[in-house]
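Input: a single structure, listed below in structure tokens.
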């Protein structure tokens, strides 16, 4: 009884077989079929390699939402060298809430030569090349995000000791914590002092002839300091053409959450618009000489996530490639053989010549003679 049930089950499974085997004696091979098979296998191998490369690669996904965090402090990372002595310049921040953040809270004034060493010039030139490429090809920003913490720091290498160069500039570097509202970070003549209506700078004791706001921005970023990330103003150098000259940078800061397979950090991206002009009150160009960075905080937050193709999706795409190539080449091969057979058949019919049979009355017949069984003997 059990054997009978097994036979019934096996017979049922045989009827459901969707892949019946054809005996080899019924299979006909051809040179054209072998050629098409070789092309199909080569195409499958090439597309499989390309698909595996896509599977190994990752991409960045950008999501946007409203930033609801307005109570936390915003960190500003600064490394700027100004071509004036440290006792002549002062840096601070004044936000829309009329809150002044003095530079003594986190900035360091370091006397240095303004001229860079050959090694520092090479790094600055490389940064400027990268900045120009980033402006042309925005997709390179994804590569920078992926290489965060893996690539070397973009800070200038330390200066070699050189007693021939006297410190004629001031390097202002460090960080500040400010309110998460629009503000103005500026470097101008004189040290900042508190004032009931805001603040002021003691510039009366500094001669106008010593004004020189030529500057170099080695680094400027907002939020957590992430090595390897290149910011829009890194490597920027401006040379003043006049003693009384104002440099303005209008910055829009966008809060950004970065999640990659290597790191997870909260930082800020920003875009910048530059403007510079000479202060000439007689010509109607009013203002104060110095470097002014006016920043505004965007209400939107960007979440950048590194994504990878799932393994099941890779398998589905791979099966689609293999099955699609086999089906397409089979259809094309069958269609090609059909067209070839039609052409050869017409060619044979056209090359066939009919025979003439003489009749007793002197006429000829173009019809083929009827072949009977007696005629074959």
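Cβ atoms here come from the backbone N, Cα and C positions, even for glycine.
Some features that TrEMBL has for this protein:
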DOMAIN    13-98  domain 'Endoplasmic reticulum vesicle transporter N-terminal'
TRANSMEM  35-55  transmembrane segment
DOMAIN    165-331  domain 'Endoplasmic reticulum vesicle transporter C-terminal'
Sort out the residues at least 6 away from either end of the transmembrane segment (35-55), same chain, that have Cβ-Cβ distances under 8 Å to it, and list them.
309, 311, 314, 317-318, 321-322, 325-326, 329, 332-333
In the predicted model, what is the mean pLDDT computed over the domain 'Endoplasmic reticulum vesicle transporter N-terminal' (13-98)?
82
